[in-house]
Amino acid sequence: MDPMKTSLHESNESSSSTAGQTPLQPTDEISVKYNLTFPETETILSVTGMTCASCVNSIEQYIGGINGISSIKVDLMTAQATVHHFKHIITAEKVCESIEGMGFDSQILASQTIRETSTGDEGTAVAIEGGQPVDSWFNIEGMTCGSCVATLTSLLTQLPGVVSADIQLLTAQAMVQHIPREIGIRDISKAISDAGFTATPLDAAASGDNAGMPDPSAIALENLQKYRHQAAKRFFWSLVFSIPMLVFSMIIDMALPDNNHVAQALHRKVFKNYSILVIIIFFIATAAQVTLGMYFYKHAFKSLIRAKTMGMDMLIALGTTAAY
């Protein structure tokens, strides 16, 4: 047989054997289904500085409107806020900073993943390759400022197997979410030590119980007591300024007759048309307004600029300024 005919015959047989298969056309579309997992986090924060229900409403409206916040509940009596958020959009630190930006004092008490929300046609969560992440707690010594927190957070999040890191300067603790198959507690402790800090793993990280984890209620109570102590301290100093003010402005004028040498000396004009008594009262009032009133000025300004709200701090600032 002619070799050319043989080649054509074999080619025809090969074509007929694949005739039952449908070739992929250039215009065909390939549909790929995938699921994405987004862990939802519950963060409990202490919020001090709230004085009324208006403060609660302001925080809930402002924080609840931030992208990545699914819900927020603020309790005035316990001075706590419970926030559900997606940490890949907004972290617990950012939530805390947003509350502080409104003029309140805030601190993260606890933060943990409560569930995983997935997207996709099937609605099933996708497991992270290498195992599910776990939360490990560490005591960290040696941190002195926010720069230490930022440096350590950046270092930990760059480690292979670390999903996230939440570090609190006030409590000197860190919660690291990591995949145990890729990086263990000892490796994380070593990385923290290499950065110049001292890390001690808490028992709860290894055993899975809550024995070593910070107690949110205890921390919140401690913060509330600290806030009350600061308020009592400001009240004491207000008496230091107010009592002399009362003596010079009212008691002296009412108790001393006009021909009294002390009264005459205090009413003597020394600067333009101002007497010594007026100048003394001016300096006492200015010192009180600047030192004690600065707290309310700062918080009122933050609340107005960041959250576009006017709360009790603004009311106090306006009232005392008008009186001054």
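Glycine is no exception: its Cβ is also placed from the backbone N, Cα and C atoms.
TrEMBL entries are annotated by machine, without manual review.
Feature list (source: TrEMBL):
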{"type": "DOMAIN", "residues": "41-107", "note": "domain 'HMA'"}
{"type": "DOMAIN", "residues": "134-200", "note": "domain 'HMA'"}
{"type": "REGION", "residues": "1-26", "note": "region 'Disordered'"}
{"type": "TRANSMEM", "residues": "235-256", "note": "transmembrane segment"}
{"type": "TRANSMEM", "residues": "276-297", "note": "transmembrane segment"}
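Remote same-chain partners of the transmembrane segment (235-256), defined as residues 6 or more beyond its termini with a Cβ less than 8 Å from a stretch Cβ, comprise 262-263, 266, 277, 280-281, 284-285, 287-288, 291-292. Across the domain 'HMA' (41-107), the prediction's mean pLDDT works out to 87. Within the domain 'HMA' (134-200), the DSSP-based counts of helix, strand and coil residues read 22 helix, 24 strand, 21 coil. Counting residue by residue with DSSP, the domain 'HMA' (41-107) contains 22 helix, 25 strand, 20 coil.
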